[in-house]
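Colleague: What Swiss-Prot shows for this protein is this:
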| type | residues | note |
| --- | --- | --- |
| ACT_SITE | Cys34 | active site, thioimide intermediate |
| ACT_SITE | Asp41 | active site, proton donor |
| BINDING | Val56, Glu57, Leu58, His75, Glu76 | substrate binding site |
Amino acid sequence: MSTQPSKDLETFPNPRPERDFVLHMRIPEFTCLCPKTGQPDFATIHLDYVPDERCVELKSLKLYMWSFRDQGAFHEAITNEILDDLVRATEPRYMKVTAEFYVRGGIYTTVVAEHRKPGWAPAPKVELA
């Protein structure tokens, strides 16, 4: 596997496709470029998903995230591009990408984008006393 930034996302078979479970990933070193100024924008990306048949491989996810370092785009566009690419690669039951961009001009920006597979609904929440 390469150690260079890459838009290629590798996947592997879900080891327990019969069960809904949540994967939570925190990516604290995301960087892209402001399309207006060319200055770097920094963010923490949170990826939460319920896999179906495929899971994303972590090293390829890291290299995928690195591939944005020289890409200029608005926060909203980047967040939705990440979601679209990950949904295309894994076809999850549910996926949410939350991008928390660090302060720029005195403003923090958080963008949340979600995907839900048609017909899928989470199990009811269980409350234990």
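Glycine is no exception: its Cβ is also placed from the backbone N, Cα and C atoms.
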Colleague: So which of the recorded positions is most packed in, judged by how many other Cβ atoms lie within 10 Å of its Cβ, out of Asp41, Glu57, Glu76?
Modeller: Asp41
Colleague: If you draw a 10 Å sphere around the Cβ of Leu58 (substrate binding site), how many other Cβ atoms fall inside it, taking every protein chain shown into account?
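Modeller: The answer is 10.
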Colleague: Work out how many Å separate Glu57 (substrate binding site) and the residue listed as 'active site, thioimide intermediate' at their Cα atoms, rounded off.
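Modeller: Cα-Cα distance, Glu57 (substrate binding site) to the residue listed as 'active site, thioimide intermediate': 28 Å.
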Colleague: Which residue, out of the recorded positions Cys34, Val56, shows the minimum number of other Cβ atoms inside 10 Å of its Cβ in this structure?
Modeller: Cys34
Colleague: If you pair up every Cα among Val56, Glu57, Leu58, His75, Glu76, the residues annotated as binding substrate, what's the maximum separation in angstrom, rounded to an integer?
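Modeller: Output for substrate binders Val56, Glu57, Leu58, His75, Glu76: max Cα distance 25 Å.
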